[in-house]
Amino acid sequence: MGLLLLVLILTPLLAAHRHPDFPLLEKAQQLLQSTGSPYSTNCWLCTSSSTETPGTAYPASPREWTSIEAELHISYHWDPNLKGLMRPANSLLSTVKQDFPDIRQKPPIFGPIFTNINLMGIAPICVTAKRKNGTNVGTLPSTVCNVTFTVDPNQQTYQTYTHKQFLHQPRFPKPPNITFPQGTLLDKSTRFCQGRPSSCSTRNFWFRPADYNQCLQISNLSSTAEWVLLDQTRNSLFWENKTKGANQSQTPCVQVLAGMTIATSYLGISAVSEFFGTSLTPLFHFHISTCLKTQGAFYICGQSIHQCLPSNWTGTCTIGYVTPDIFIAPGNISLPIPIYGNSQLPRVRRAIHFIPLLAGLGIIAGTGTGIAGITKASLTYSQLSKEIAKNIDTMAKALTTVQEQIDSLAAVVLQNRRGLDMLTAAQGGICLALDEKCCFWVNQSGKVQDNIRQLLNQASSLRERATQGWLNWEGTWKWFSWVLPFTGPLVSLLLLLLFGPCLLNLITQFVLSRLQAIKLQTNLSAGCRPHNIQESPF
């Protein structure tokens, strides 16, 4: 009985064991349990080993277009015709920087994160930019877009100041104009388009006061009770539920649509003659890129996935999530034991019917056709996509440190060369005087090595655990999930072997005692039967 109690105590602990080495599988298991899927128990979770298709992209819902937050990154360039006006222009630039507390001035890392990604379902909203000499990020086909907004490719916004007092609070014009298919937008008189985030600075140019007559309803994405609205003065989207209060109009500081359109703009500042001469003088212009601040959300452009869109980008993009290729196999089928890279044991190949994870969750990728019934789908995409974003952030930190190292190297080279060349000017410069190569020490190289060493150690640790297989202690815990279904029959057989002889002996003695009792009763009955005894006459 003690062994039986021990098994009953340990069984829940073994069943609740997680896989810390595979966070995506753990997240998938939690999602299956939280959604009440029939595959939440007694199933296999398998990952794809293909490197050609790292995952699948799913579009965000119309409501998420109003809630996902973006951020802007600003860089500026002096006008090449600016001569002798650096001091007043620099003063104006410092004023402009103070006017944008929500803009980050450190440039992000651009480029696609994944390629060969397939978009599942119809994207509710797509944005198309066709700038000349722009950076192509990828193009989605029109067949996968429900509503497509096209940014005006010929618009150039250049702000001119005619009075000195305006320089203390410079303003940019409204975001670029966008066009849309005829019949897509309907005029709606509602105050939801006049809302603005209370936690953000209202001085930024994308928070210009809304025009009450420019609030348009996107008919393809709206229903009777729920509307998706577009404010054309700020390129902002709003989601309105007619049964709830007006506090729904609180939106992120920078909306996705506003950030995508601003990143295609050519923004500049010029001043008139009373400050800098007799004619209109351009001072500087800005390059603004945009990134998604909400973790787990990505720009989906064709088959490429981006975290940031560069300034002057071109292509057709939407926003969404990236989920890894995880498949489900029912637990009533036999699978080959996972080898995890152990080449000493043979691999078993057989045809197995796998079910995609999102199909097992009961989710249909139909977010592009409406705004109702998609909460569970959006939450699932976001949670799975966040695990990928965490890995990307780790690699981005290492790349950022490398970028800082290059900047530091350039600064040291320029500073030392200037100083040494001045001291050795008579000899033609330091390198010519020494007649050898000049070497420099970069003080941030240790950070790069530490980051790379940590990444290599993590990869090495995972590789060691994978090659050891079931021979190590951690691998033994993983094997419990395979042995657990056989625990019940094995325990029953063990109990039968332990207590079977005793039970058999008790049953045998009981049967023998009953047989003896019956035999004794039969003999007594036969000996006590009455007989007809006649008395003798004698």
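Backbone N, Cα and C atoms are what each Cβ position is placed from, and that goes for glycine too.
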(request) Choose the correct range: of 354-374, 396-416, 501-521, which one does Swiss-Prot annotate as region 'Fusion peptide'? Give that range. (result) 354-374
(request) From the list ASN177, ASN523, pick out the residue that Swiss-Prot labels N-linked glycosylation site. (result) ASN177
(message) I'm validating the feature mapping. Which of 7-10, 43-46 is tagged motif 'CXXC' in Swiss-Prot?
(response) 43-46
(message) Going by Cα-Cα distance, which of the glycosylation sites (ASN177, ASN220, ASN312) sits nearest to ASN133 (N-linked glycosylation site)?
(response) ASN312
(message) Return the count of C-beta atoms lying within 10 angstroms of the C-beta of ASN220 (N-linked glycosylation site), excluding that atom itself.
(response) 19
(request) Spatially speaking, which of the glycosylation sites ASN146, ASN220, ASN241, ASN312 is closest to ASN177 (N-linked glycosylation site)? Use C-alpha to C-alpha, please. (result) ASN312
(request) Mind checking which of ASN133, ASN146, ASN241, ASN312 has the fewest other CB atoms within 10 A of its CB? They're the glycosylation sites. (result) ASN133
(request) Round to the nearest Å and give the CA-to-CA distance linking ASN312 (N-linked glycosylation site) with ASN146 (N-linked glycosylation site). (result) 24
(request) Can you grab the distance from ASN146 (N-linked glycosylation site) over to ASN241 (N-linked glycosylation site)? Cα atoms, rounded to a whole Å. (result) 21
(request) Looking only at C-alpha atoms, tell me how far ASN241 (N-linked glycosylation site) is from ASN220 (N-linked glycosylation site), rounded to the nearest Å. (result) 16
